[in-house]
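Report on the following structure.
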Amino acid sequence: MYRCSSITYYILIPFKEAQVQTAQQTPKHYGITSPISLAQPKEADLVLTRKLTETLRPFGVFEEELELQRRILVLGKLNTLVKVWIREVSEVKNIPASVIDNVGGKIFTFGSYRLGVHTKGADIDALCVVPRHVERSDFFSSFYEKLKEQEEVKDLRAVEEAFVPVIKLSFDGIEIDILFARLALQAIPENLDLRDDGLLKNLDIRCIRSLNGCRVTDEILHLVPNIENFRLTLRAIKMWAKRHNIYSNILGFLGGVSWAMLVARTCQLYPNAVASTLVHKFFLVFSKEWPNPVLLKQPEDCNLNLPVWDPRVTPSDRYHLMPIITPAYPQQNSTYNVSASTRAIMVEEFKRGLAITDEILQNKADWSKLFEAPNFFQKYKHYIVLLASAQAEKQHLEWVGLVESKIRILVGNLEKNEFITLAHVNPQSFPGPKEGTDKEEFSTMWVIGIVFKKMEGSENLNVDLTFDIQTFTDTVYRQAISSKMFEQDMKITAMHVKRKQLQQLLPKMTIQRNKRKLSSDGVRAMNEGSLDLSVDSDNSMSVPSPTGHSAAKVARHDQLIITLYSLSYSHTSQFSVLTESLRNTSQTMSNLYCFNKISILSSTTAFNIDKKSYVLQKNSNADLSDVPILPTNPIAVVKNSIKLRLSR
């Protein structure tokens, strides 16, 4: 039946033909809204997609078939090992033989490997699912011991007290993280679908968290119209995000699952589009105003009383800046860490990506332009350099992990400063400067770009960042102490540097790489070098340590500043010795630092020490309200003071 104005026409159509037309007119619906376009790809779109694939290939985002088969073999061995272990545990617990024969157990995968977008050398996220009579303590005891017996297993370690408990290992050279989930089932069938919400009944919260990764990944794959188009688009977007320093959930940008959900939503809106079109539409859709939430499906309530993202019920959810909601129950916001600065940075990159893909679709540019890395170390005039150090390598790894997980707090503090517009932390970390002493120390450095507000009618601007920095460091120290990982040689220091002075702190290869525009030689050099941007990880990436006289000089100067801050008022006799040493390096390095709470070049015996630049001692009378409580043998806490005078 067709309508035209007020006239109604009835057209008789054979029954079978009517069925075919109805099927064509009502394609399967994906997402919470109707698609924006159902347009089929043109030949030009297919050509651009082939060019995109060829552009991505040198970055190492596609794994060779031989390597993929090796992963499948390793997972098969691990799956068999799990089944054998569960049978052994069942026998020890006197489970009936009839049950043991069908007890099952299975290894599931999630993350980039499950999505089919893992890169060369990427690790595998796995989940060990067991029946109800196998307990978590068995997983971290007998299964751990069984893994230890395998000659292919190296670097085995258990993190039982983590938010999501995990066993980490290298199996035949492949890094694997194994989570644990115990279901309320007598046996685990081979065809188990973890998307079944009923499986969550009667589970403890740790098992629900462990299941969440698999459930979200499986839902994403079921909610996209064409998996191959989704995968190629996601590979491109992930590489773009890493190249543009906005790939890190822990630092307030987006992690792997968030990027996957944004690409999946784009696929829902353009279900027939190929990857070249989807990349362009991705930037078109997400360069618009946030914080409209991104959902892949309507949230469902399973009446299990688990906390879910719902701004109607939870007031704090209303303040999330860039909500991207996971599609599996219990629905959560995967971008909880996003701040005003990181959102502004990402939206700016989305808009730049849209402009570049516009040019690509008009044949005015190649895909390589999209993956050109911006020069972070030339982008800003002012930077904060954050340094975390410890004397033992194992302690340093733990310390760096804690400090990095809290850097977003520092970014939030800087955002609240009335003189700061934006704080941009580079997700890539670097080895800290080597000290000029024989004492071994491990250090890691992060760089934060700062944009100051333009103040009208003011020739000079005095900015004090001391409180912002110190609030952050105190939070980290408190966390380290409460988690019983604190050691006396663990330190955090912060310094202000200007753009031209970064080269004295960073590896030369880093500065050169950021100066060089992407070319075929540049891509090849990057892939052959030590920094591989294709690695699937939300963690910071490391580069070779800087060497040379300048870096050592910076470190010595930094250590002298730290020592000055670590002395108490009663040790004034030691200041003269330190000052003389400091004066020898101040001529060349003083511009690197703005520690104005100590007049380091004062000719007087009495130093101008701010009242808050105190050190904890057993008999100290200082106000300790804003510093963490330290262990029995107190140490000097480094107080970072940064004051700037900006000229107009």
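Yeah, the Cβs are placed from backbone N, Cα and C, and that goes for glycine too.
Annotated features, as they stand in TrEMBL:
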- F110, G111, S112, T119, D123, I124, D125, D177, K238, Y247, G256, V257: ATP binding site (BINDING)
- D123, D125, D177: Mg(2+) 2 binding site (BINDING)
- D123, D125: Mg(2+) 1 binding site (BINDING)
- 31-224: domain 'Poly(A) polymerase nucleotidyltransferase' (DOMAIN)
- 229-372: domain 'Poly(A) polymerase central' (DOMAIN)
- 375-443: domain 'Poly(A) polymerase RNA-binding' (DOMAIN)
- 246-264: transmembrane segment (TRANSMEM)
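Structure with TrEMBL features highlighted.
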residue: F110; record: ATP binding site; Cβ neighbours (10 Å): 23
residue: S112; record: ATP binding site; Cβ neighbours (10 Å): 23
residue: D123; record: ATP binding site; Cβ neighbours (10 Å): 18
residue: D125; record: ATP binding site; Cβ neighbours (10 Å): 24
residue: D177; record: Mg(2+) 2 binding site; Cβ neighbours (10 Å): 17
residue: K238; record: ATP binding site; Cβ neighbours (10 Å): 23
residue: G256; record: ATP binding site; Cβ neighbours (10 Å): 23
Please state how far apart, in Å and to a whole number, the two most distant Cα atoms are among F110, G111, S112, T119, D123, I124, D125, D177, K238, Y247, G256, V257, the recorded ATP-binding residues.
21
Tell me the residue counts in helix, strand and coil for the domain 'Poly(A) polymerase central' (229-372), as DSSP assigns them.
73 helix, 6 strand, 65 coil
Cα-Cα separation of D177 (Mg(2+) 2 binding site) and D125 (ATP binding site), in Å?
5
Please list, for the domain 'Poly(A) polymerase RNA-binding' (375-443), how many residues fall into helix, strand and coil according to DSSP.
28 helix, 19 strand, 22 coil
Excluding D123, D125, D177, which residues of the same chain place their Cβ within 8 Å of the centroid of the Cβ atoms of the recorded Mg(2+) 2 site?
G111, Y113, I124, A126, K168, E175, I176, I178
